[in-house]
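Visitor: Sharing a structure, written as structure tokens. Questions coming.
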């Protein structure tokens with residue numbers, strides 16, 4: 001979509017900007033004198049006040065004697081085309097803003113009904129395949145994992161949604177249009193585009209004239225360029241609203257296929273894309289209308305910048321000469337020949353109004369796009385974390401204790417279960433999302449200084465203060481990435497956390513152990529610690545071993561040992577001898 005907007009802007013720039021560099025009707029020596037028009041009376045008074053010797057003339061021969069001094073007004077084709085083009089653009093945006101679409105038109109419903117019938121066929125086909133799988137599974141005693149009643153409920157819900165999908169989608173679209181109309185009418189947006197021209201189609205029969213004075217040519221070119229920019233702004237503004245409606249119609253045609261898309265894991269994301277695009281363009285309309293109405297309210301009250309409009313209609317404010325009969329200006333301006341953007345303040349006001357219109361056009365789309373991106377990423381991250389904690393990737397419980405003697409080394413290896421790897425002097429760079437996804441789980445653990453394959457590694461964590469602090473910092477940042485001091489660190493640890501959760505959900509054993517030990521709640525960590533302790537070997541009592549050797553009851557052996565102990569304790573000389 002972004003590339004499409006860039007291409008559209010480039011095309012419009014080529015179409016509208018290139019003609020602005022074509023020179024107007026400038027007479028050359030030997031040419032017939034062009035038709036002359038008298039100057040506006042206000043300009044004659046200004047020329048006298050500024051006292052530079054400038055004056056208007058209707059004698060072409062006199063004008064040619066000094067084109068810098070004399071002002072000669074005549075017909076101009078480019079000014080005429082520009083004035084009429086502006087009126088056409090104003091009529092276009094006025095039509096778009098005041099004419100609503102017919103969303104429940106029979107031709108739209110006809111296309112939707114075709115898609116609905118195709119969707120019915122696919123739903124029935126899916127139901128037949130599910131039923132066939134259930135029958136085969138029952139006859140062969142093979143569990144397919146498909147439950148009868150949940151499947152029946154899903155199929156009935158899908159059929160019900162397909163039947164009413166047009167009503168649901170059209171109702172949402174019409175609700176957004178009602179919100180648009182509310183904002184535009186209550187905030188005054190419907191009168192927004194009449195600030196540059198008077199209302200009425202008669203303006204299209206405008207004929208343009210311009211001043212041939214040499215000092216006025218820059219003003220002419222600047223005025224025509226800015227007015228072309230205004231024209232393009234109007235077309236883009238109206239085009240976005242029409243594009244929104246057309247995209248919503250196309251999404252209406254696809255809406256019956258949503259239940260089918262969500263029925264299969266491989267194409268489920270296509271359904272989420274439909275929902276994302278649909279609501280992005282649905283909410284674009286009300287946001288656009290809200291900002292547009294707010295813009296109209298601001299323009300009526302005055303743009304909140306510091307402007308000096310006290311130089312209107314006086315010689316001190318006549319810096320940029322009036323050189324065409326197209327009067328232009330910003331909002332809330334009463335346009336005359338001497339109030340026609342003749343100095344910097346009204347000129348900047350006009351530029352600000354254009355920038356505000358661009359913001360109204362593109363900011364709602366960008367805002368919704370950004371919000372949906374973060375919203376979808378957040379939902380995906382939460383889902384992955386839940387799957388890592390409660391999904392099939394969790395490690396099974398450890399077996400109960402046994403009395404068989406096991407060496408300390410074997411127990412330690414079974415408790416840690418950290419695979420051995422070759423030590424490397426260089427750490428893998430893991431900073432961006434792409435690098436994290438490409439890295440192995442062992443490389444991620446190694447980059448965080450969390451690898452402990454030997455007893456010496458554990459001792460190093462306990463004795464080396466720097467290593468201990470780094471280890472604890474990484475653990476804390478993984479538990480809660482918001483504790484990181486910089487934005488880049490927060491993003492990095494959040495990406496690592498999500499990636500480890502994804503791998504744990506896919507039965508990665510090392511990632512599963514990290515998730516269960518680091519991300520798990522406090523109660524879960526206590527259970528994990530207890531499970532590890534239960535795997536340690538249990539030492540048999542001495543009385544049990546003696547009873548087994550001498551073949552006497554354990555209770556009898558315990559009584560004999562107690563008697564011997566009491567006798568030794570009561571004999572002080574024996575204790576002194578032993579000590």
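Yeah, the Cβs are placed from backbone N, Cα and C, and that goes for glycine too.
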Visitor: Scan 84-103, 184-203, 204-223, 224-243 against TrEMBL and say which stretch is down as transmembrane segment.
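Guide: Going through 84-103, 184-203, 204-223, 224-243 one by one, TrEMBL flags 224-243 as transmembrane segment.
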Visitor: Of the listed stretches (118-136, 250-275, 347-367), which one yields the highest count of Cβ-Cβ distances below 8 Å with the transmembrane segment (281-301)?
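Guide: Per the Cβ count, the answer is 347-367.
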Visitor: Counting only pairs at least 6 apart in sequence, do the transmembrane segment (118-136) and the transmembrane segment (224-243) share 3+ Cβ pairs under 8 Å?
Guide: no
